[in-house]
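According to TrEMBL, the domain 'Alpha-D-phosphohexomutase alpha/beta/alpha' annotation covers 52-87. Per TrEMBL, Mg(2+) binding site is recorded for S65, D282, D284, D286. The annotation active site, phosphoserine intermediate is assigned in TrEMBL to S65. Taken from TrEMBL, the feature domain 'Phosphoacetylglucosamine mutase AMG1' applies to 187-289, 303-441. TrEMBL lists E376, A377, N378, R504, P505, S506, G507, T508, R513 with the feature substrate binding site. The feature domain 'Alpha-D-phosphohexomutase C-terminal' is assigned by TrEMBL to 461-532.
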Amino acid sequence: MAEFQEVSKQSGLHPKPAGLVLQYGTAGFRTNAKDLDHVMFRMGLLATLRSKKTKATIGVMVTASHNPEEDNGVKLVDPMGEMVTPTWEGYATQLANAEQEDLLTALKDVIEKEDINMNKQTDSHFYQTFSIINSRHSSASLSQAVLDGVSALGGKSKDYGLVTTPQLHYMVCCQNTQGKYGEATVEGYYKKLCQAFIQLTKNASNCTDDQKHLTVDGANGIGALKVREMESHLKKELHISLFNDGSKGKLNHQCGADFVKVQQKAPTGIEMNPGERCCSYDGDADRIIYYYSDSKGQFHLLDGDKIATLISTFLKELLTQAGLDLQIAVVQTAYANGSSTRYLEDTMKVIVRCTKTGVKHLHHAAQEFDIGVYFEANGHGTVLFSKAAQEKIQQLAENTGTDDERKRAALLLQNTVNVINQTVGDAISDMLLIEAILAIKSMTVQQWDAIYSDLPNRQLKVKVSDRRVIDTTDAERRAVSPDGLQEAIDGLVKKYRQARSFVRPSGTEDVVRVYAEAETQESADDLAHEVSLAVYRLAGGVGGEPKPLH
């Protein structure tokens with residue numbers, strides 16, 4: 001077939017380094033940019049096959065999110081803006097790792113398994129995009145490698161240029177719903193979200209300019225550029241002071257959501273005034289973290305758990321006011337702070353579901369409810385509304401017989417649906433929703449923070465000879481192997497008040513991740529250390545024994 005001859009010819013221009021093995025994970029492929037040219041070409045091939053299989057637009061995102069600027073990466077976006085299915089993740093790994101002479105065999109294997117008709121021309125376009133600011137110099141050439149892969153198999157492409165990862169997910173969904181979800185342009189994205197935000201903030205009483213002010217750390221990434229573009233659509237309902245906007249700093253260097261979460265301090269380049277709301281995006285703007293400093297200069301972090309609590313509390317109140325019987329749930333991972341889980345279950349009477357770590361697991365679990373709120377502690381998350389829930393909200397909002405209080409709540413819910421990017425975690429969309437909720441509830445960042453107090457916690461890593469000796473169950477909260485490890489952890493946890501601990505193998509390296517929380521920071525640190533020792537002794541630790549933290 002002519003396509004395969006073209007693939008052979010083009011693949012020679014994108015040769016694979018012999019012996020290099022990469023794994024398609026939750027974030028797609030991500031590594032040093034110099035090792036990615038062949039991967040990008042092959043993901044262009046795979047995206048074209050996926051487009052033919054689904055008869056739909058498929059997105060390809062060239063990004064390495066919060067990684068250092070010398071890295072890059074790529075991930076595929078499925079027709080409804082969701083992550084690609086696990087089976088196709090496997091195909092991605094298979095294609096990326098096929099040695100040069102075996103590429104056509106690997107490609108034909110996917111075509112055969114998926115029964116793809118290569119002769120039939122589909123009307124579907126395959127869309128490709130890349131997201132950079134000047135600091136990721138590799139993106140332009142890597143993006144071209146993707147386009148080469150698309151054209152080699154006769155696919156069509158449209159290059160959206162510089163967009164955030166969530167904007168691409170959004171536009172793929174718009175394209176495949178024939179515009180029902182929104183207009184498949186960046187401008188359409190701004191209009192939909194900002195109009196909904198402005199409608200929401202009309203319900204805020206007497207907001208001062210101070211209350212409308214937000215300091216944003218753009219991580220020297222694409223999000224900074226896009227917030228600047230969006231500002232005019234906000235019509236002064238939100239005043240943004242933008243720092244780390246890419247004009248001088250390095251991408252994700254001493255800034256961004258990951259830095260703030262891990263280091264528990266403000267990013268470089270931001271001067272924080274006491275009580276002032278600040279937030280940080282990550283490099284490709286799909287995560288957001290809030291924070292502030294108090295009058296004593298102490299730093300306070302509001303992570304994904306605090307965000308999920310704020311949003312679910314707001315939605316629960318609106319559902320009650322609207323008289324709508326819809327099931328709302330918050331989906332967390334084992335890393336969620338125990339205080340947030342207790343508050344949601346005991347005080348808010350909201351269903352809490354725990355899943356394995358990884359956004360795709362949370363997204364899937366959230367789809368089981370009328371309204372599913374999910375956030376990882378790192379600030380990656382969104383809200384999903386079932387089709388039935390959206391229809392009930394719309395009917396109530398449009399019903400002329402609805403009384404004023406119920407109608408107001410229904411309209412607020414309707415605009416909340418429209419300000420949310422349901423396809424994926426989106427820092428810009430989440431920021432607008434959080435700002436609207438705080439304004440409507442006349443709530444300061446300190447009052448939000450005071451909803452509950454986080455239990456002190458500690459995360460550690462233990463190097464082992466083979467991480468596969470650790471096997472877990474109960475959404476990674478309990479270890480089933482090696483023998484004796486869970487019993488040891490249970491015994492250690494009993495020594496401390498309000499304590500819990502779990503261990504899980506890393507998805508990428510031979511380390512075991514240890515999490516512990518307890519009533520005091522000293523107890524959390526001691527528990528984490530003791531569990532690390534148990535892992536080291538029972539799961540084949542390498543190097544010296546873990547040292548105490550104090």
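Numbering starts at 1 and runs along the chain as displayed.
Quick reminder: no glycine exception, Cβ is built from N, Cα and C everywhere.
In the structure as shown, the Cβ atom of R513 (substrate binding site) sits within 10 Å of 20 other Cβ atoms. Counting residues of the domain 'Alpha-D-phosphohexomutase alpha/beta/alpha' (52-87) by DSSP class, helix then strand then coil, yields 5 helix, 12 strand, 19 coil.
Across the structure, E376 (substrate binding site) and D282 (Mg(2+) binding site) place their CA atoms 14 angstrom apart. Looking at D282 (Mg(2+) binding site) and N378 (substrate binding site), their Cα atoms lie 10 Å from each other.
Cα of D284 (Mg(2+) binding site) to Cα of N378 (substrate binding site): a distance of 14 Å. In terms of local Cβ density within 10 Å, P505 ranks first among the binding-site residues P505, G507. Neighbour list (N378 (substrate binding site), Cβ cut-off 8 Å, at least 6 residues apart, same chain): A257, D258, K261, R287, I289, D303, G304. Within the set of binding-site residues P505, G507, R513, the entry lying nearest in space to D286 (Mg(2+) binding site) is G507 (CA atoms).
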